[in-house]
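Database features, via Swiss-Prot:
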type	residues	note
BINDING	Gly8, Ala9, Ala10, Gly11, Arg12, Met13, Asp34, Gly98, Thr99, Thr100, Ala122, Ala123, Asn124, Phe125	NAD(+) binding site
BINDING	Arg35	NADP(+) binding site
ACT_SITE	His155	active site, proton donor/acceptor
BINDING	His156, Gly165, Thr166	(S)-2,3,4,5-tetrahydrodipicolinate binding site
ACT_SITE	Lys159	active site, proton donor
Amino acid sequence: MRRIAVMGAAGRMGKTLIEAVQQTPGAGLTAAIDRPDSSLVGADAGELAALGRIGVLLSDDLAKVADEFDVLIDFTHPSVTLKNLAFCRKHGKAMIIGTTGFTVEEKQLLAEAGKDIPIVFAANFSVGVNLSLKLLDMAARVLGDDVDIEIIEAHHRHKVDAPSGTALRMGEVVANALGRDLQEVAVYGREGQTGARDRKTIGFATVRAGDVVGDHTVLFAAEGERLEITHKASSRMTFAKGAVRAALWLDGREPGLYDMQDVLELR
C-alpha cells in the first residue's frame, strides 16, 4: 500500500483528497496535517471527510508524522508548500504539489528539489485539463499566427490568485507552441483606450464568483471562424483523483520534477 499524507487536510480540498485516497485501491491515508492553530487538530481525518473513523488523527506538525508516510500531497499556499518541500527533500519523501501562485524563482526551487526526490507538480491534476493541454498544443501549431488567442477562466470567490495556475499553464503551452515567451506577450485584462489588438499577444480574462469549481476556455479567433477549447470542472474530486493517481505513479520513480503529462504518458 502506498502510504499517503495530506497537507491542509481540514480544508475543502484536503477533505476531498482524504476521500479520494480512501477510495483508491493501493493507496491509504496514513497521515493528515493542518495548520497549528486549527481547532480540529486531534480529530479523526476520516470523520473530517464524512467517511467515519479511520484511525488517522489530524496533526499540526509534519515532523511528528515523518515516519508514517511515503508521499505528501500538498494543495496549500506557496509559503507553506516550500517549507514542506524542504522537509521532504531532507527526509527523502516524494511530493505531489497542486499549489498554485508560485513565482518563477519559487518554481526553480521545485526543480532543485527534484534533483533529490521525485515530485509531480501540476497546475491542474484533472485528466480532462491535461488532455486539453495536448489539444491546445496541436491547435496552436496548426493555426499559427493567423488567429487571436484569448484565455478566459472562472473560479469561486475564495480563490486568491489570478489568473489561475491552469490558465497560465494553458498560456505557456500555446506560447511555447508558437515560439513566443509568455512573459512578453501576455496581456492581463484590458481597460480604456487600448488601441488595436497586437496579433502576437495572448490575452487573459478572470472571473471570480460564487462556487465555480473551475472553468477554462481558450479562444482561437480567426477571420470567419473561431475555435474554442473548453474544460469545466464540476467537482474538486476530479483534481483529487488525479493527485492520488500521480502519487501511485511516483512509486519507485527516480528523483525528478514531473508533471501530469508524464503521469498520463501524453508526451
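Note that Cβ sites are derived from N, Cα and C of the backbone, with glycine treated the same way.
In the three-state DSSP scheme, Arg12 (NAD(+) binding site) is classed as helix. Taking the Cβ of the residue listed as 'active site, proton donor/acceptor' as centre and 10 Å as the limit, one finds 25 other Cβ atoms among all the protein chains shown.
Gly165 ((S)-2,3,4,5-tetrahydrodipicolinate binding site) falls within a helical segment according to DSSP. Comparing C-alpha positions, Thr99 (NAD(+) binding site) sits nearest to Gly165 among the recorded positions His156, Lys159, Gly165. Ranking the binding-site residues Gly8, Gly165 by C-beta neighbours within 10 Å puts Gly8 at the top.
Closest to Gly8 (NAD(+) binding site) by Cα-Cα distance, out of the recorded positions Arg35, His156, Lys159, Thr166, is Arg35. Ranking the binding-site residues Ala10, Arg12, Ala122, Gly165, Thr166 by the distance of their Cα atoms from the Cα of the residue listed as 'NADP(+) binding site' places Ala10 first.
Figure note: comparing Cβ neighbours within 10 Å for the binding-site residues Ala10, Ala122, the maximum is reached by Ala122.
Taking the centre of the Cβ atoms of His156, Gly165, Thr166 as the (S)-2,3,4,5-tetrahydrodipicolinate site, the nearby residues of that chain (Cβ within 8 Å, site residues left out) are Thr100, Ala123, Asn124, Glu153, His155, Lys159, Asp161, Ser164, Ala167, Gly214. Its own atom aside, the Cβ of Lys159 (active site, proton donor) has 16 Cβ atoms within 10 angstroms in the protein chains shown.
Distance between Cα atoms for Asn124 (NAD(+) binding site) and His155 (active site, proton donor/acceptor): 13 Å, as a whole number. All chains included, 24 other C-beta atoms sit within 10 angstroms of the C-beta of Thr99 (NAD(+) binding site). Taking a C-beta cut-off of under 8 angstroms and a sequence separation of 6 or more, Thr166 ((S)-2,3,4,5-tetrahydrodipicolinate binding site) has the following same-chain neighbours: Thr100, Ala123, Asn124, Val129, Glu153, Gly214, His216. Straight-line distance linking the Cα atoms of His156 ((S)-2,3,4,5-tetrahydrodipicolinate binding site) and Ala10 (NAD(+) binding site), rounded to a whole number, equals 19 Å.
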